[in-house]
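Contents: one structure, followed by commentary.
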Amino acid sequence: MNIIRVPVLSTNYIWCLYNYKNECIIIDPGEATKVLDILKKFQFRLRAILLTHNHIDHVNGVAPLIQYFPKTIVYGPTETKNNGSHFLVSEGDDFVLLQKKFKVLNLPGHTPGHIGFYSAPWLFCGDTVFSAGCGKICIGFAQYMYESFLKIRYLPRNTLIFSGHEYTLSNVNFAISILPQDQSIINYRNKIIKLYKKKQPTVPTTLNLELKVNPFFRCGNSNIKKSLNLPCDLKEEWQVFSELRKKKDSF
């Protein structure tokens, strides 16, 4: 199975998975027009849509796509029940599409019911993990988002992370502001700048890389605590995570 990246809106990515039979799966269609263009160009037959959460920039294309392909099956969390989901799924559920098994992970934080879809080595995590960053957190859900990061942290290191947006340069600039002497982040920023100048994407990323350059995966780091003016002996890493995200919100 192969994957096509479909950039839409200003920063969104829709993901199109397809097989040798020209059957395809669409993940988080924030709009329909460009997806329909891809389907027409490659003569793909849409079999399923996967939704990670209910924000409009991830679901707005569902209804138009269903109009064109009425037999399409839609999988999503409970919060997407009014946006076309036929099967409401959560952690513990798995299913097979195009002969590939997908495992559902609960990843609350960006929204209360946010989920991800894992099909080794791919993770489609919506707006949970971004390269060098994390999604905005709904009020009161910082600890849940931290726990979602922990869940992702323990996936295989070769996991490819497919995020819902292209935010990497902003994220890596923030990471440098927190850890200005970190050589891994400095090197990564230099790489990202080159990619941006060439108008090339930075997603997907890998879990192995994110564990090195993403401060939200490194909340036990004493230099991060120092940068946030937090006690070095603070044990609750989710509190570090929360302060880090607050700092990013005002960056």
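Here the Cβ of each residue, glycine as well, is placed from N, Cα and C on the backbone.
According to Swiss-Prot:
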BINDING   HIS53, HIS55, HIS110, ASP127  Zn(2+) 1 binding site
BINDING   ASP57, HIS58, ASP127, HIS165  Zn(2+) 2 binding site
What binding-site residues among HIS53, HIS55, HIS110, ASP127 are found with a C-alpha within 10 angstroms of that of HIS165 (Zn(2+) 2 binding site)?
ASP127
Sorted by position, what residues of the same chain at least six away from ASP127 (Zn(2+) 1 binding site) have a C-beta under 8 A from it?
THR52, HIS53, HIS55, HIS58, HIS110, HIS114, GLY135, LYS136, SER163, GLY164, HIS165
Coarse DSSP state, helix versus strand versus coil, of HIS165 (Zn(2+) 2 binding site):
strand
Could you tally the C-beta atoms, other than its own, that fall within 10 angstroms of the C-beta of HIS55 (Zn(2+) 1 binding site)?
22
Neighbours of HIS53, HIS55, HIS110, ASP127 excl. site residues, C-beta within 8 Å of centre, Zn(2+) 1:
THR52, ASN54, HIS58, THR111, HIS114, GLY126, THR128, GLY135, GLY164
